Amino acid sequence: MTQPDPQRRARLPAPLASRPPTGSDTPLANEDLLPTRQTWNWYNIFAFWMSDVHSVGGYVFAGTLFTLGLQSWQIFLVLVGGICIVMLLANLIAEPSQKSGVPFPVIARLAFGVYGANIPALIRGIIAIVWYGIQTYLASVALSIILLRVFPAMAVLTEQSFLNLSYLGWIGFLAMWSLQTALFLMKMDAIKVFMDWAGPAVYLVMFMLMGWIVYQAGWSEISLSLSEKVLTPLETLGQALVATSLIVAYFAGPTLNFGDFSRYCRSMKDVRRGNFWGLPVNFTVFSLISVVIISGTPAVFGRMIEDPMETIGMIDDTTMVVLLAFTFVTATVGVNIVANFVSAAFDISNVAPNRISWRGAGLMAAVASALLMPWNLYDSPAIIHYTIDMLAAFIGPLYGILIVDYRLVQHRKIDVADLFCNAPEGRYWYRGGINPIALKALVPAASIGILCVALPALNMLANFSFFVGMFSSGLLYYWLAHGQAAAGATTSGTPVDK
């Protein structure tokens, strides 16, 4: 059992030190959910986003944006516009956690109640666990490429399999699973150090790969458009809107729980500066590097290759292959830790804080991700996308409720003590620890997103489900909350600003 440290107050930054949570024996708190010391600067946030963007998935996603038929300048505008929206959303969701020093699932208690917050936490946690398993498998594929190049005799291990994964695949998967788990168990300080150097290291090797591709193909073969489609003005507008929405949706998960990291920042100024360099600047540069590499593959290898691991596997130079593959292993570990592992650990720990520590929750998430046998999910994209899309239909509505509650209902005030109070007089107790208004706003808004995924006739709207869910839930929550206030239904306690 993990109990809050009674000396924690002395380690908290003023003025949080003057308002510790109510009681050290509350079942709603443990050492990892309580307000933390805030020592991160803007570069740490920049490094966080580098770790999130620099991945196999980020590489492939960036490439797909250049296949929509848009002209180069149009793609650039879409990239900048879409990622600036992500930056705005990240800044909004970061503030309450930076202000209070607590992670996403604890902040969710403002709107959903001290027990109702488990609903958004578990939704985000399940998504994180599934993607954690898939990303671990992708990292193991890169490791297998290294092993086969350095030890060709290991090819015999690819001839037999267990549970649809080759023996070599098992070696790679268990190695990556163990490596990531070990890094996670070293806690956030070690994760921060890893993030700080992993992002720049990936950039260094990406520039090397881009230089090699350009040298082999020649500048005449490089294009910033990977499609030969000619679009009408109306089609161009439609594709631009779809691309913008896809960018926002791609970052929806890590943006929702960005408070898990912004809580460590010294100030919102650091958060905003880190978000600027990590999102608009970093994502645009990484996307341009990715498309240059992809556009050069037809001239070098005879066909366009969008998967960076396949590109690396076709290079003859063993030393270069090992270096590149190792870098993508590092990149995948980085995105997996920051986007999935940390989030899942906080979310699971929030279910029973006095019984499940952050480390214990992380181990539970790691085991669950392996039991899912993610290689089977990855080989069945229809199943994985259907499942994830169903869960993702909740992300937009959750975001809308949390932001509207914090800014328009709570008026940016947080009673830190009551976030950990499970007594009926607590401000965030609502009804039995659950805010029914939040559920009334969440269910219909999420249902819209689910219908967009389930009904073929509405699939066109699926690309915009994040925005539809966010605005519909936000408006509904605001209307219900103010209707209740007008009827005289008030909650006890007085929120206090930091």
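Yeah, the Cβs are placed from backbone N, Cα and C, and that goes for glycine too.
The feature compositional bias 'Low complexity' is assigned by TrEMBL to 12-21.
Under the heading region 'Disordered', TrEMBL lists 1-30.
Marked as transmembrane segment by TrEMBL: 42-68 (among others).
The transmembrane segment feature in TrEMBL is assigned to 75-94 (among others).
Within the same chain, residues 56-57, 168-169, 171-173, 175-176, 180, 309, 312-313, 318, 321-322, 325-326, 328-329, 332-333, 336, 374-375, 378 sit at least 6 positions outside the transmembrane segment (137-155) and bring their C-beta atoms closer than 8 Å to a C-beta of that stretch. Annotation source TrEMBL lists transmembrane segment at 137-155 (among others).
Remote same-chain partners of the transmembrane segment (167-185), defined as residues 6 or more beyond its termini with a Cβ less than 8 Å from a stretch Cβ, comprise 136-137, 139-141, 143-144, 147-148, 154-155, 157-158, 160-161, 191, 194, 329, 333, 336-337, 341-342, 345, 359, 362-363, 366, 369-370, 375. Among the features that TrEMBL reports, transmembrane segment is placed at 167-185 (among others).
According to TrEMBL, the feature transmembrane segment maps to 197-217 (among others).
What TrEMBL lists as transmembrane segment is 237-258 (among others).
Annotation comment: TrEMBL describes 279-301 (among others) as transmembrane segment.
What TrEMBL lists as transmembrane segment is 321-346 (among others).
Residues or ranges marked as transmembrane segment by TrEMBL: 358-377 (among others).
As annotated by TrEMBL, transmembrane segment applies to 383-404 (among others).
If you look up TrEMBL, you'll see 437-458 (among others) marked as transmembrane segment. Long-range contacts of the transmembrane segment (437-458) within its own chain (CB-CB distance under 8 A, at least 6 residues past either end) are made by residues 111-113, 116, 119, 386, 389-390, 392-394, 396-398, 400-401, 405, 465, 468-469, 472-474, 476-477, 480-481, 484.
Note on the transmembrane segment (464-481): residues 111, 241, 245, 248-249, 252, 392-401, 403-405, 408-409, 437-438, 440-442, 444-446, 448-449, 452-453 of its chain, located 6 or more positions outside it, place their CB under 8 angstroms from a CB of the stretch. Feature annotation from TrEMBL assigns transmembrane segment to 464-481 (among others).
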Restricting to the same chain and to residues at least six past its boundaries, which positions have a Cβ under 8 Å from a Cβ of the transmembrane segment (237-258)? 52, 61, 64-65, 68-70, 74-75, 77-79, 81-83, 85-86, 89-90, 93-94, 97, 103-104, 124, 127-128, 131, 231, 279, 338-339, 343, 346-347, 392, 395-396, 398-399, 463-467
With the cut-off at Cβ under 8 Å and a gap of six or more residues from its ends, the chain residues touching the transmembrane segment (197-217) are 46-47, 49-51, 54, 282, 286, 289-290, 292-293, 296-297, 299-300, 311-312, 315, 320, 323-324, 327-328, 330-331, 333-334
Which residues, given as numbers and ranges, are at least 6 beyond the ends of the transmembrane segment (321-346) yet have a Cβ under 8 Å from it? 32-33, 48, 50-58, 103-105, 121, 124-125, 128-129, 131-132, 135-136, 138-139, 142-143, 145-146, 149-150, 176, 179-180, 183-184, 188, 191, 194-195, 198-199, 201-202, 205-206, 208-209, 253-254, 257, 260-261, 308-309, 312-313, 315, 358-359, 361-362, 365-366
